[in-house]
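Comments concern the structure below.
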Amino acid sequence: MKIFRCALLLALFGSQNVSGFSMRMMSSAATKNYKTQRFPTPPRIKKTQNWKEAAEKSKKFRDETTTSAQKKKVAIIGGGLSGLACAKYLSDAGHEPVVYEARDVLGGKVSAWQDADGDWIETGLHIFFGAYPNMMNLFEELDIEDRLQWKEHQMTFAMQELPGQFTSFKFPPGVPAPFNMAAAILTNTEMLTFEEKLRMVPGLLPMLLEGQSFIDAQDELSVSEFMKKYGMPERINEEIFIAMGKALDFTDPDKLSMSVILTAMNRFINEADGSQTAFIDGNQPDRLCKPMVDHIAARGGQVLTGKPIASIEVNLDDDSVESLKLADGSTVKADMYVSAMPVDIIKRLVPKAWSSMPYFEQLSELEGIPVINLQIWFDTKLTSVDGLCFSRSPLLSVYADMSTCCEEYASETSSMLELVFAPATEAVGADRNWIAASDEEIIDATMLELRRLFPTEIGPDAPGGGAQITKSTVVRVPRSVYATTPGRNKFRPSQESPISNLVMAGDFALQKYLGSMEGAVLSGKLAAEVICDKASGRTTNGVKDVHSSIAEGKEKVPVGVRGNFPIAFGGGQQGTGSNPEHP
């Protein structure tokens, strides 16, 4: 098998557009019927080792025999996916979780809210992959698998030099990994020359032979440095890695750790349905967060919104958490506490007594990455792809026509494009600070890019002046998922902390799925596992050793969270300056 995979690298990423294969041809079926299409749940997802391990971990919580003496009241700070997942599994195990969410909406990075027109405004374009085993288990456990709208197993890219034309790598059904990826690539025409493909092999071959140990070791190298080290030509970067980097972490390859690219490639090569994608069939608060809240409440837990934390109070004798002080002046006491806040927010709340500890000092090496999410409504139906599309644009990462992809937004007469605008600042590869730009500037720049993607339907050269915008929204997230710049992995904290009654969750905490929905759910699950093990007197995995470059520092007074708007709590926000436009 390893020999075959080595040969597979000769073709990997070596596909080009199918001659004459235009967007209009790809979307002809979608435009015939405005109802969104659903493919069956990929059956092999539940046969992978990763899915089985995730299922076994879930079962462990359900099988807990928590006695009244072992039952813990757990205060969880943060109602994103990580905090909700932690509460869900704690409630399964018989504990009493209470989630305190600062905002009036749940979901964190997947939050959404309705505007005055009743339209859902989303923090980001969120796609579910077959290689998300803990997320897939969660959907099954909540009995909401039917809310996932699986798409045809293909990956679609815009062609930079051929406006309006796209290429798809189509994965044949029923073919095992890695042969299905080989078929997807080999049945398409070439984009890279044979020589260029050969020059990729020395760098990628060790990934297949050595596995995760090689992938982890590349965390210190940027994609650009990795390419230089292994003699890869720049055209591979231009054709492949730029698109991957912007999709995976909203940044350019010279700012991105190569371990991120290799992690994704490894999952997709080794899991037959790992790269197959699904959209949730409506807004995330109703279709995903609410079932989690209902599940928690049915088992004695609570989820409270509009409860920002002002400070973490510490016991002077042992530095454990004494209580939480809320912004409204009330106090919360619990047996155990979980931080499920974004890394940029927990850093602002670390108590003075903890601030010099290396475990907390290392958090200064992590920070969220900026990104912008756009939604643009048009007065006509565009002939768009039914699924996620890699735009390969200087300003845009990925996009989807939600009127074609998602049941709640389905329309046969008009389109709503949701687009990821990235990179968003100079620090991560943009030509300017787009976070600080006006909505009008961002939409105008996006429309210029959309003329290339839809040359016969958008812009002055299109018939009748082309599709017209009826509405648009711009949601800025100055600090999204943690930035996977080179060398960050060694600074990610374990879920268990040196504080006896504090556990760390959030996708930045150590787990193998990086900054993603899957990573957030897994981190919350691991945090719940620490609490269950401690409550039952079982041995835990302990606190991860802090890297030697982090020394004990000086005590610092926490700056606290300033303001009562979404960005202050790590969320996404419409509007700029002092005029935020949503909860």
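From the backbone N, Cα and C atoms, a Cβ is placed for every residue, glycine too.
Features of the protein shown, as given by TrEMBL:
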- 1-20: signal peptide (SIGNAL)
- 81-531: domain 'Amine oxidase' (DOMAIN)
- Ser82, Glu101, Ala102: FAD binding site (BINDING)
- Phe421: substrate binding site (BINDING)
Legend entry - Rounded Cα-Cα span from Phe421 (substrate binding site) to Ala102 (FAD binding site), Å: 26
Inset, instruction - Within 10 Å of each Cβ, count the other Cβ atoms and name the one among the binding-site residues Ala102, Phe421 with the highest count. - result: Phe421
Legend entry - Check: same-chain CB within 8 A of FAD site center, minus Ser82, Glu101, Ala102: Ile76, Ile77, Gly78, Gly79, Gly80, Gly83, Val99, Tyr100, Arg103, Leu106, Gly108, Ala340, Met341, Phe569
Inset, instruction - Run through the Cβ atoms and count how many others sit within 10 Å of the one on Ser82 (FAD binding site). - result: 34
Legend entry - Within the predicted model, mean pLDDT of the domain 'Amine oxidase' (81-531): 94
Inset, instruction - Please report how many Å separate the Cα atom of Ser82 (FAD binding site) from that of Phe421 (substrate binding site), as a whole number. - result: 25
Legend entry - Spatial neighbours of Glu101 (FAD binding site) that are distant in sequence (at least 6 apart) but have CB under 8 A: Gly78, Gly79, Gly83, Val303, Leu304, Thr305, Gly306, Lys307
Legend entry - Among Ser82, Glu101, Ala102, the record's FAD binders - longest CA distance, Å: 15
